[in-house]
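Listed in Swiss-Prot:
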- GLY30, ASP31, ASN32, GLY33, ALA34, GLY35, LYS36, THR37: ATP binding site (BINDING)
Amino acid sequence: MHVMRLSIHRLRRFQTVELHPASALNLLTGDNGAGKTSVLEALHLMAYGRSFRGRVRDGLIQQGANDLEVFVEWKEGGSAAGERTRRAGLRHSGQEWTGRLDGEDVAQLGSLCAALAVVTFEPGSHVLISGGGEPRRRFLDWGLFHVEPDFLALWRRYVRALKQRNALLKQGAQPRMLDAWDHELAESGETLTSRRMRYLERLQDRLIPVADVIAPSLGLSALTFAPGWKRHEVSLADALLLARDRDRQNGYTSQGPHRADWMPHFDVLPGKDALSRGQAKLTALACLLAQAEDFAFERSEWPVIALDDLGSELDRHHQARVLHRLVSAPAQMLITGTEIPPGLADAGALLHRFHVEHGQVD
C-alpha cells in the first residue's frame, strides 16, 4: 500500500498542510523543531489511534485549537488488478474522536487501524528491546492483527474476561464467582498464546536474515517466547486455579498471556540487557523490518515504512545497509532528517524530497 495524499489540520505546528508522497522513497528535511516528525505522527495516529510521542491531549493538538484532523488517501492491493483507493479521516479532541472510512462512519478506532498499516521506527523504538514486556506484546499483536482477520475479536474476548476477573478479585468475590471468567480467560488465553507462538516462530525465520544484513555484528540468532505462565507444566486453566488465592489477596490476575514476553538471543552477547542503546535500536529496527516483510508476504503488499530522524539514529554504514534492503522492495518509505542522510547516496536510492519549514511542507 502507498499513501497518495496526507492532509493535516491543527496538529502541533501545522494549521493546514497537505502532501502527496511518491510511491517509493520520500525524504522530509528541515531544521530541528520544523515539524518533520509531526508529519509521521499524523500518519501513525491514523494507523495506530495514537501518536508514538504520547497521548493526543498531551500536546499533539495545536495550541489554541479544540481538536485536530487527519485525512489519508491511499492505494492498497498487491497487483494492478486488485488495487483500490481507500480514504480515512479522523478528528480527535484528546477526549473524543470521530472517524470515517471509505465514506462511512466508524464506531471503533480499530476499524481505522486495521485499514492502514504503517511500520514506524523512531527515537523511542529501542524500548521494543530494552523496555518492559508491554511494547513487545503490542508488537506481536500488531502483526497478528494485520494478517489474521479474526485476531482482534479473540484479543478483545481475552481482555474482556481479564477485566471482569480483575474486577471480581478487587471486590473480594467468592471463588465460585470466578469460575465462569476463569473458563473464558483460559479458553481465549490458550488460543491467543498459540497464535502468538506461531507468529513469533515465523517472524524469527524472517528476522535472522534481516539482522544478518543490517547488523551482522550483533549475531542475532533466535527469539524465545515466555507465555505468561508455566505452560510447559500446566494449562492456563490450572494455572489460574492454582493462583486463585494469591490473586484474590493481591486483587489482580497474575497468570496469563497479558504477562507474556519474548526475547532476542545473540551469539556474541549474553542477552538484551548487555546491549548498548545503539545496539538496541538496531535490534528493534531489524524486528520492525522483519515484521514489515512478513506483512508483505502474508498480504501480498507492503505496509508504509516511516523512519524518523534516520540520520541521527544510525551511522552512515548502518543507514546504507537498511536503505539498501528497503529500496530493493516495493515499499513506500517516508524518512525525516535535518539533511539528506549520507546513507542514501551509498544505497543508490532515488528519492522525492519535501522541505518542512515554518509549519509548511514544500
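A Cβ is built for glycine as well, from the same backbone N, Cα and C atoms used for every other residue.
Sequence features, as recorded in Swiss-Prot, placed on the structure.
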residue	record	CB count, 10 Å
GLY30	ATP binding site	22
ASP31	ATP binding site	13
ASN32	ATP binding site	9
GLY33	ATP binding site	11
ALA34	ATP binding site	20
GLY35	ATP binding site	23
LYS36	ATP binding site	26
THR37	ATP binding site	24
Using the CB centroid of GLY30, ASP31, ASN32, GLY33, ALA34, GLY35, LYS36, THR37 as the ATP site centre, which other residues of the same chain sit with their CB within 8 A?
SER38, THR336, THR338, VAL356, GLU357
Sort LYS36 (ATP binding site) into helix, strand or coil using the DSSP assignment.
helix
